[in-house]
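All remarks here apply to the structure that follows.
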Amino acid sequence: MKFLWAALVVTLLAGCRADVEEEVKLGQEPDRWQAKQPWEQALGRFWEYLRWVQTLSNKVKEELLNSQVTEELKLLIEETMKEVKAYKEELEKQVGPIAQETQARLSKELQAAQARLESDMEDVRTRLAQYRSEAQAALGQNTDDLQGRLASHLRKLRKRLLRDAEDLQKRLAVYQAGTHEAAERGVSAIHERLGPLMMEGPLQAIPPSQQLRERAEAWGQKVRGRLESVGSQARDRLDDMRDQMEELKAKVEEQASQVRLQAEAFQTRLKSWFEPLVQDMQRQWASLVEKVQSTLGISPSTKPSKTK
């Protein structure tokens, strides 16, 4: 049994060490959101605020007990989503006509990525609001367990936030490239119509190749999206399993502590029950011995003398 507990502790410590190493790596990631597009800068401010919250310093713990943190996060979320929408509209204005099917597909993928990022940011705010309610309910008690669960959930949410932010960044790049490519195809079509008749034959072969390329790109995007979705689900499940192991360990330790306290209380209760009974039996036995000795005429303090 001790060996199993030792193996479990080693496994959990190894997981914690991996979390610390990954924490350092993720802490360096926000640099990519600096001094670029306005939406990336807004996301960078949200990220920096989240990293400050994760320190769980005394100042953070104090401010988490009121609604100031969640209100500021709400403003940062609204600012980020506003900048994303503005950037998308700017891209649409900069380019010419695009194939309706391609535009619908790219726009749908972009909206889904934007929705995932917004959901991640809202999850952070919701989790902090939940912690505030739990901490206020446990005011005056030990909140180490609440802080441990909050830190674990924030690590998980931050990894998901980074992953979906990178996905949105890629989708915007694909959207920009797709619209620019459509504009270039429009220029090529004008050259085709105004070109000499002798070039008409070769130019007519271009549209089918472009259609094939569009289909290949669409198929590639679909496959890549599915692979990313599967990978994301696998990472989320691993994170869930790790969180469940941590919660299970905490519950087992708590139950073991309760069992130990109950056993000690039961032992004390048994002692309080039987100790008076034993003392009473000792008194009764001593009294019985005295009565027997008195009846036989034997003094309890002297031995009977031998008669000659």
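Each Cβ is built from the backbone N, Cα and C atoms, and glycine gets one as well.
As annotated by Swiss-Prot, heparin binding site applies to L157, R158, K159, R160, G220, Q221, K222, V223, R224, G225, R226, L227. Look at K159 (heparin binding site): DSSP puts it in a helix. Of all Cβ atoms in the protein chains displayed, 19 besides its own lie within 10 Å of the Cβ of K159 (heparin binding site).
According to Swiss-Prot, the feature region '8 X 22 AA approximate tandem repeats' maps to 75-246. Mean pLDDT, taken over the region '8 X 22 AA approximate tandem repeats' (75-246), works out to 75 on the 0 to 100 scale.
Annotation source Swiss-Prot lists region 'LDL and other lipoprotein receptors binding' at 153-163, citing similarity to another entry.
Summarising the annotation, Swiss-Prot assigns region 'Homooligomerization' to 257-308 and lists similarity to another entry as the type of evidence.
The region 'Specificity for association with VLDL' annotation in Swiss-Prot covers 269-281, and the record cites similarity to another entry as its basis.
For the repeat '1' (75-96), the list of distant contacts is 37-39, 41-43, 45-46, 49, 110, 114, 117-118, 121-122, 125, 168, 172, 175-176, 179-180, 182-183, 186: same-chain residues at least six beyond its ends, Cβ to Cβ under 8 Å. Residues or ranges marked as repeat '1' in Swiss-Prot: 75-96.
The repeat '2' annotation in Swiss-Prot covers 97-118.
When Cβ-Cβ distances below 8 Å are used as the criterion, the repeat '3' (119-140) is approached by residues 46, 50, 53, 64-67, 69-70, 73-74, 76-77, 80, 146, 150, 153-154, 157-158, 160-161, 164 of the same chain, each at least six residues removed from its ends. Marked as repeat '3' by Swiss-Prot: 119-140.
If you look up Swiss-Prot, you'll see 141-162 marked as repeat '4'.
The repeat '5' feature in Swiss-Prot is assigned to 163-184.
Per Swiss-Prot, repeat '6' is recorded for 185-206.
What Swiss-Prot lists as repeat '7' is 207-224.
What Swiss-Prot lists as repeat '8' is 225-246.
Other Cβ atoms within 10 Å of the Cβ of R224 (heparin binding site) number 12 in total over all chains.
Sorting each residue of the repeat '3' (119-140) by its DSSP state yields 19 helix, 0 strand, 3 coil.
In the three-state DSSP scheme, R224 (heparin binding site) is classed as helix. Counting every protein chain shown, 20 other Cβ atoms lie within 10 Å of the Cβ of L157 (heparin binding site). With helix defined as DSSP H, G or I and strand as E or B, the region 'Specificity for association with VLDL' (269-281) counts 13 helix, 0 strand, 0 coil.
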